[in-house]
Amino acid sequence: MAGAHSLSLSFFFSSLVLSLSAGSVFSATFTLVNRCTYTVWPGILSNAGTPQLSTTGFALNPGDSFPISAPTSWSGRMWGRTLCSQDSTTGKFTCVTGDCGSGALECGGGGAAPPATLAEFTLNGANGLDFYDVSLVDGYNLPMLVVPQGGTGGNCSNTGCVVDLNASCPSELQVLNAVSTSGGGGVGGGPCVACKSACEAFGDPKYCCSGEYATPDICKPSAYSEFFKNACPRAYSYAYDDGTSTFTCESADYVVIFCPTPSAR
Ligand SMILES: *[C@@H]1O[C@H](CO)[C@@H](O)[C@H](O)[C@H]1NC(C)=O
Ligand SMILES: *[C@@H]1O[C@H](CO)[C@@H](O)[C@H](O)[C@H]1NC(C)=O
């Protein structure tokens, strides 16, 4: 054990030296923390043209935290998958919310099926600033908070959605978990486990800010986007919510917390 440990440590340092000399200096550490009372399976999707991180999906037990290094100029998103299980016959791994379609623990380039709360990052963007936000544009599945640490400049503050919107989600937006019946295949009827965006629920361009509504002066907040905005004023509630929902920091690390407050588990 001890031998294997020091071997992996020396491997770690030699790969660190290698990557430093190759110029891909790590620029930020993301620490994912699960304060939910249930297991969360984080998913990570790198944007096109930026490298994948060391993991794209894993299990995070209640109370656990997991640090991940990201290289300079990384951009992508993180979310939490809930109610995941592996099929005992096919071995296929699926989640009731936030599923990334890979059929496995690692998402490997798959994004979250909506509805899912998303934390979005662009490191070292315009003026060297990191841009970050928590988005409910693709709906909501669990409370998330992004806490920048050690950063300067910009409006470098916490952002997220800390309340449990499953409980207050309008019925037409609710995703109900299947009730497992002995006959199998029960659909709906269970508790609300996620809350759709109006765009996903109705597909209407005026909610999606698509088609003739694809400009900020035409696509306005709706009663549905205002439901999200009132509950979570710092999170994106619809596509053109940038002014109150984008935050910036310089040289920060980020803690990404699932279920940050005890009242929102
Ligand atoms: C919200 O959904 C999660 C699973 O995604 C569930 O554990 C939690 O109990 C739900 N909250 C409410 C209030 O139903
Ligand atoms: C934070 O700063 C950015 C960049 O200047 C700005 O676009 C955004 O509106 C600011 N966010 C808030 C919530 O004030």
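Just so you know, glycine gets a Cβ as well, placed from its N, Cα and C.
Under the heading signal peptide, TrEMBL lists 1-27. Taken from TrEMBL, the feature disulfide bond covers Cys36-Cys259, Cys84-Cys95, Cys100-Cys107, Cys156-Cys249, Cys161-Cys232, Cys169-Cys195, Cys199-Cys208, Cys209-Cys219.
Locations of recorded TrEMBL features on the structure.
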| residue | record | contacts (Cβ under 8 Å, 6+ apart) |
| --- | --- | --- |
| Cys95 | disulfide bond | Trp41, Arg81, Thr82, Leu83, Cys84, Ser85 |
| Cys100 | disulfide bond | Gly43, Leu45, Thr56, Gly57, Arg81, Cys107, Gly110, Gly111, Ala112, Ala113 |
| Cys156 | disulfide bond | Pro148, Phe247, Thr248, Cys249, Glu250, Ala252 |
| Cys161 | disulfide bond | Thr117, Val134, Leu136, Tyr140, Pro143, Met144, Leu145, Phe228, Ala231, Cys232, Arg234, Ala235 |
| Cys195 | disulfide bond | Pro115, Gly139, Tyr140, Asn141, Leu165, Asn166, Cys169, Pro170, Leu173, Gln174, Val175 |
| Cys199 | disulfide bond | Val137, Tyr207, Cys208, Cys209, Tyr238 |
Cys219 (disulfide bond) and Cys259 (disulfide bond), distance between Cα atoms, whole Å: 31
Integer Cα-Cα distance in angstrom, Cys36 (disulfide bond) to Cys219 (disulfide bond): 35
Applying a 10 Å Cβ distance cut-off over all chains shown, what neighbour count does Cys208 (disulfide bond) have? 19
For Cys219 (disulfide bond), the number of other Cβ atoms found within 10 Å of its own Cβ: 21
Note: among disulfide-bonded residues Cys84, Cys259, least Cβ-dense neighbourhood at 10 Å is Cys84
